[in-house]
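**Q** I grabbed these lines from TrEMBL:
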COMPBIAS  781-794  compositional bias 'Basic residues'
COMPBIAS  796-818  compositional bias 'Polar residues'
DOMAIN    3-170  domain 'Anoctamin dimerisation'
DOMAIN    173-753  domain 'Anoctamin transmembrane'
REGION    781-818  region 'Disordered'
TRANSMEM  184-208  transmembrane segment
TRANSMEM  261-277  transmembrane segment
TRANSMEM  343-369  transmembrane segment
TRANSMEM  389-413  transmembrane segment
TRANSMEM  433-454  transmembrane segment
TRANSMEM  560-583  transmembrane segment
TRANSMEM  611-635  transmembrane segment
TRANSMEM  710-735  transmembrane segment
Amino acid sequence: QNKSQGLCFVRIHAPWQVLSREAELLKIKMPTKKVYEITEEGGILKTLNDIWCKLTEPLQPEVPQPENTKMKSLSYPFSREKIYLYNIKDKDTFFDNATRSRIVREILKRTSTKSRNSMGIGTLIANNVYEAAYPLHDGEYEGQNGDMNERKLLYREWARYGAFYKFQPIDLIRKYFGEKIGLYFAWLGLYTEFLIPSSVVGIIVFLYGCITIESDIPSKEMCDQRNTFTMCPLCDKFCDYWNLSSACTTARASHLFDNPATVFFSIFMALWATMFLEQWKRLQMRLGYFWDLTGLEEEEEHPRPEYETKLLQKKLTNKKMATENSNEDAKEKLTWTDRIPGYAANFGLILFMISLTFSAVFGVIVYRITTAAALSFSTNATTRSNVRVTVTATAVIINLVVILILDEIYGAVAKWLTEIEVPKTEKTFEERLILKAFLLKFVNSYAPIFYVAFFKGRFVGRPGHYVYVFDGYRMEECAPGGCLMELCIQLSIIMLGKQLIQNNLFEIGIPKLKKLLRKLKDDRTEPKEMDTNHSKDPQQWDLDYILEPFTGLTPEYMEMIIQFGFVTLFVASFPLAPLFALLNNIIEVRLDAKKFVTELRRPDTVREKDIGIWYNILSCIGKLSVIINAFVIAVTSDFIPRLMYQYAYSQNGTMHGFINHTLSYFNVSHLKAGTQPENSLFAQDVLFCRFKDYREPPWSPNQYEFSKQYWAVLSARLAFVILFQNLVMFLSVLVDWMIPDIPKDISEQIKKEKSVLVDFFLKEEHEKLKLIESFITRDKQKHKSGTKGKRHRAASFSQLSRSQKGSVASFSSQHTEV
């Protein structure tokens with residue numbers, strides 16, 4: 001407006017009158033003069049809590065604590081009429097910075113602009129009138145100058161990697177960034193704490209596998225050179241017969257993850273997920289009480305600029321078509337018919353994206369089949385012997401790269417799809433975006449793992465009757481030790497790769513790159529004379545403008561929820577998953593903290609009393625994990641066949657003879673012409689080769705049909721799934737029922753706060769009444785002895801006070817009736 005070159009900043013101040021008016025409109029709870037004592041639980045819990053506080057004292061962050069932690073100010077929605085109730089020592093500091101910025105943002109959101117039917121700063125930013133609107137940080141976070149601000153304190157005690165061992169200053173985070181971000185870090189902190197016991201149990205289960213490996217009879221039988229199990233060729237023509245003892249290493253490694261302890265660990269992790277969600281509900285209630293979020297009403301949200309633009313277009317179209325009075329209501333909002341194109345595009349594109357993921361998985365399967373076949377033709381003996389390892393390792397790395405690329409694409413696609421739906425408010429926009437992004441990223445991250453767990457090796461066929469793809473390539477089968485080992489490799493590489501590359505490298509590198517690009521762009525566009533003025537002493541708004549804008553918590557939650565899936569869904573195959581998640585999260589907490597304090601503009605404070613839709617997603621993953629782990633143990637691992645052999649088929653109740661029992665016979669003369677091994681190193685007298693399956697032998701009348709053992713094991717597998725699922729679900733419900741959602745002390749405090757509030761109001765009104773009555777009696781005395789002029793003044797005052805007295809009396813009488 002004033003024709004200045006380059007960037008122009010408008011700094012908005014809010015005086016006391018505006019702040020108090022808006023605080024009343026927004027029903028912001030503020031502390032009153034009344035303080036009351038927080039009654040703590042007594043007995044053994046208090047003693048344990050005191051011991052815990054003493055032990056963890058070195059881990060506490062050095063941030064200012066309230067003078068008396070046992071006392072709490074009574075909070076009440078701000079009201080200018082009852083201003084005498086509030087503890088206002090200084091009007092400049094009564095509303096803290098976060099509350100002031102929230103009030104200013106609300107005013108900016110609802111102030112109408114000059115153009116028709118558009119409202120708020122959001123529309124102006126969308127139309128490029130303004131480039132950004134943000135609250136300012138409290139000052140520099142580094143530097144040795146004496147004044148300590150909250151940002152510097154957060155950086156020193158929380159947002160440095162050096163502070164990784166300290167607890168988070170949750171109250172200070174909430175004060176500086178608002179309740180929504182405070183709840184995210186409280187949730188992340190609790191999740192990380194909960195990973196400690198699951199990591200310990202996971203390590204114990206893994207160590208149990210290491211200790212019992214020498215006493216595991218099936219892997220001993222497999223490795224015994226005297227047991228000559230001649231196995232059928234792994235490919236046609238170029239592959240030879242082979243001895244099962246050559247797969248000894250795989251079998252021993254499989255036992256580390258495929259042992260009875262993993263069943264216990266699966267049950268433990270299902271209960272762990274329930275416990276975590278219950279504990280979060282309790283912590284959420286506790287924080288809600290101390291942060292005055294109890295009874296927080298849903299605020300009416302302003303429509304998004306995109307919604308208003310679409311609505312304006314609709315109104316203009318309707319105006320041309322309809323008369324003035326007709327169809328008045330239909331103009332007010334967008335109906336589902338207006339959104340049909342958006343919904344259709346959503347449905348079509350989401351289906352396309354999911355099929356794209358499956359295509360990528362299928363592409364990797366084809367790569368594995370063809371590479372395995374190509375390497376089998378190799379003349380080098382070492383290459384031929386390491387075919388399986390080479391193929392598995394390279395395929396998993398390809399899978400990881402594909403997942404990382406598709407993840408970035410899906411994030412952008414989900415956002416675009418949500419925008420074309422034109423949701424009315426920011427909240428509905430965020431919820432729909434979360435659901436789409438989660439669905440796409442869930443399928444993308446877990447599809448390759450689902451394939452290895454439940455589909456690989458199931459459609460191979462049998463010797464003499466194999467299933468082929470692309471005329472000549474056999475479907476891939478599991479390693480002799482089972483598919484669980486491969487599932488473990490797949491899971492560990494994808495999980496660790498995603499955490500290292502996506503969660504850490506991308507999170508550190510991309511913001512730094514964006515910041516550098518923005519700085520270079522600003523240096524080019526800003527004239528030289530402007531630079532000379534600012535370079536001497538840059539203002540806070542200049543420093544904050546260079547920072548990255550805050551785009552929401554969705555990416556932060558998303559990476560943690562996907563990780564929660566890795567920790568719970570396939571934990572039966574990889575007991576060390578919680579340990580890797582814990583190590584990642586210790587860094588993640590500080591990485592996110594550093595990002596919020598040093599690299600992002602200060603976000604607008606948002607009051608939320610829960611984590612919203614994320615809780616429902618976590619709950620769904622927890623329930624799904626029970627079903628998936630039941631199937632992993634029953635179908636992918638050898639737990640059920642071993643159990644069945646030991647108790648139904650073994651002659652002496654031990655595992656001796658288990659390997660022989662699981663291998664079927666095949667008459668090599670039944671091999672199709674042209675598929676027999678060429679240049680076999682084995683003696684020509686191989687009459688029968690063995691393959692892993694429960695089938696009738698060649699000398700049986702129903703040769704190569706599924707045997708009775710196959711059907712017995714299959715029914716045992718299904719019975720186990722039903723039993724495991726119902727048992728774990730029952731235990732989860734039991735845990736849920738035993739742990740109350742609201743801690744007992746908090747529910748009592750909420751009741752106490754309500755009664756204290758009523759007493760406080762009655763007392764204040766009573767004192768006000770007394771004061772007015774004392775004025776009236778003094779007034780009467782002056783009236784008798786005073787002059788005429790004084791009498792006039794006293795009469796007018798008496799009139800005023802009498803009317804006040806009447807209203808107060810009626811107010812107090814109403815209260816006593818209640």
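Every residue, even glycine, has its Cβ placed from backbone N, Cα and C.
What TrEMBL says about a protein is an automatic prediction, not a curated fact.
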**Q** Should the transmembrane segment (710-735) and the transmembrane segment (261-277) be scored as in contact, given a threshold of at least 3 Cβ pairs under 8 Å and pairs 6 or more apart?
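**A** Yes; at least 3 Cβ pairs under 8 Å.
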**Q** Applying the under-8 angstroms CB criterion, which one of 184-208, 261-277, 389-413, 560-583, 611-635 scores highest with the transmembrane segment (433-454)?
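**A** Answer is 389-413, with the largest number of Cβ pairs below 8 Å.
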**Q** Select the range from 184-208, 261-277, 343-369 that forms the most Cβ-Cβ pairs under 8 Å with the transmembrane segment (611-635).
**A** 261-277
**Q** Count the Cβ pairs between the transmembrane segment (184-208) and the transmembrane segment (560-583) that lie under 8 angstroms and are 6 or more residues apart in sequence, then report whether there are at least 3.
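**A** When sequence-distant Cβ pairs are counted, the transmembrane segment (560-583) touches the transmembrane segment (184-208), since at least 3 lie under 8 Å.
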**Q** When the pLDDT values for the domain 'Anoctamin dimerisation' (3-170) are averaged, what is the result?
**A** 81
**Q** Determine which residues of the chain contact the transmembrane segment (560-583) at the Cβ level, with the cut-off under 8 Å and only residues 6 or more beyond its ends counted.
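**A** Distant contacts of the transmembrane segment (560-583): 188, 191-192, 195-196, 198-199, 201-203, 205-206, 257, 261-263, 265-266, 269-270, 272-273, 438, 441-442, 445-446, 449, 453, 484, 487-488, 491-492, 494-496, 498-499, 503, 614, 617-618, 621-622, 624-625, 628-629, 632-633, 636-637.
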**Q** Hey, which bits of the same chain come close to the transmembrane segment (261-277), Cβ under 8 Å, at least six residues off its ends?
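**A** Cβ under 8 Å, 6 or more out: 190-191, 194, 197-198, 201-202, 204-205, 208-209, 567-568, 571-573, 575, 578, 615, 618-619, 621-622, 625-626, 629-630, 632-633, 637, 639, 724, 727-728, 731-732, 735-736, 739.
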**Q** For the transmembrane segment (389-413), could you work out the same-chain residues 6 or more beyond its ends whose Cβ comes under 8 Å from its Cβ atoms?
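**A** For the transmembrane segment (389-413), the sequence-distant neighbours (Cβ-Cβ under 8 Å, at least 6 residues beyond its ends) are 349, 353, 356-357, 360-361, 364, 367-368, 371-372, 375, 383, 437, 440-441, 444-445, 448, 486, 489-490, 493-494, 497-498, 501-502, 555.
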**Q** May I ask for the residues of the chain that lie six or more residues beyond the transmembrane segment (343-369) and have a Cβ under 8 Å from a Cβ within it?
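**A** The answer is 336, 391-392, 395, 398-399, 402, 406, 410, 413, 417, 420-421, 436, 439-440, 443-444, 447-448, 451, 469-470, 473-476.
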